[in-house]
């Protein structure tokens, strides 16, 4: 997902092109594939959600509570929610696995300050039309605490998704994941010509290899220290290119808003958020 003056380019535009051409990207193409990663052990990331439109995987997300999924706001631009589905408990999306649970989208809450042209505040909450049954293949992922700071430069994290695994639209065998490191925000902002905001977070591969995301991975979580610290938002033309670092929505900046939405929409009492470690979550 590249930046541009209108949509910040096609999801995968070069920095030069993205900052010069007012091209709006096709919906859902921002932040598309896991590049330089590996297939995870099936169902070892039970919090992962696949958002589908027209029977096709469109974006990722993570399960916050049994009826709530967190994703990226740009994934739902010009989309009819009545045709959307959320799949939990999946590893291979092309297979009807017995672990999968499929839900419709009951409601969408986009951050009120989301800006589609710059991807500022690129976050939303999906309320499912039913409650997920938690177990080994379907589990919760916690966001940072209300007073948590974003991870510092050099912190090791991971990002997963079902997007293409090459620049040539090669489909993955199952859920893929890449290990990345948090990049200094000033360095990242310089790479993006000063167009980033304080509520964005960047990563790099940490070595000489191209590693990261590109497009149908949008909305998926960046997991650092077993917390969802980022949401896939946008990148450059070439996946994992250090010249255009991967950019995420910084979840710690929106924790109060997240729980306020859940509380206002779920008046019934429930357990305090983040009191249970997600099943199958590895460090």
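Cβ coordinates are placed from backbone N, Cα and C, and glycine is handled just like the others.
According to Swiss-Prot, the signal peptide annotation covers 1-31, on the basis of experimental evidence. What Swiss-Prot records for 34-263 is domain 'Peptidase S1', and it gives sequence analysis as the kind of evidence. Annotation comment: Swiss-Prot describes 59-75, 157-224, 188-202, 214-239 as disulfide bond, evidence class a large-scale study or a structure entry. The active site, charge relay system annotation in Swiss-Prot covers 74, 122, 218. Marked as N-linked glycosylation site by Swiss-Prot on the basis of a large-scale study or a structure entry: 129, 189.
Shown on the structure are the features that Swiss-Prot records.
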residue : record                           : DSSP (3 states)
74      : active site, charge relay system : helix
122     : active site, charge relay system : coil
129     : N-linked glycosylation site      : coil
157     : disulfide bond                   : strand
188     : disulfide bond                   : helix
202     : disulfide bond                   : strand
218     : active site, charge relay system : coil
224     : disulfide bond                   : strand
239     : disulfide bond                   : coil
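Reduced to three states, the DSSP call for residue 59 (disulfide bond) is strand. Cα to Cα, residue 224 (disulfide bond) and residue 218 (active site, charge relay system) are separated by 17 Å. Nearest neighbour of residue 122 (active site, charge relay system) by Cα distance, taken over the disulfide-bonded residues 59, 157, 239: 59. The subset of recorded positions (129, 157, 188, 189, 202, 239) lying with their Cα within 10 Å of the Cα of residue 218 (active site, charge relay system) is empty, i.e. none.
Rounded to a whole number, the C-alpha distance linking residue 239 (disulfide bond) with residue 202 (disulfide bond) is 14 angstrom. In this view, residue 188 (disulfide bond) is surrounded by 21 other Cβ atoms within 10 Å of its Cβ, with every protein chain counted. Around residue 74 (active site, charge relay system), taking its Cβ as the centre, 30 other Cβ atoms fall within 10 Å, counting all chains. Closest to residue 157 (disulfide bond) in space, going by CA atoms and restricting to the recorded positions 74, 75, 129, 189, 202, is 202.
Taking each of the recorded positions 129, 189, 218 in turn and counting other Cβ atoms within 10 Å of its Cβ gives the largest count for 218. When the recorded positions 59, 74, 75 are ranked by how far their Cα is from the Cα of residue 188 (disulfide bond), 74 comes first.
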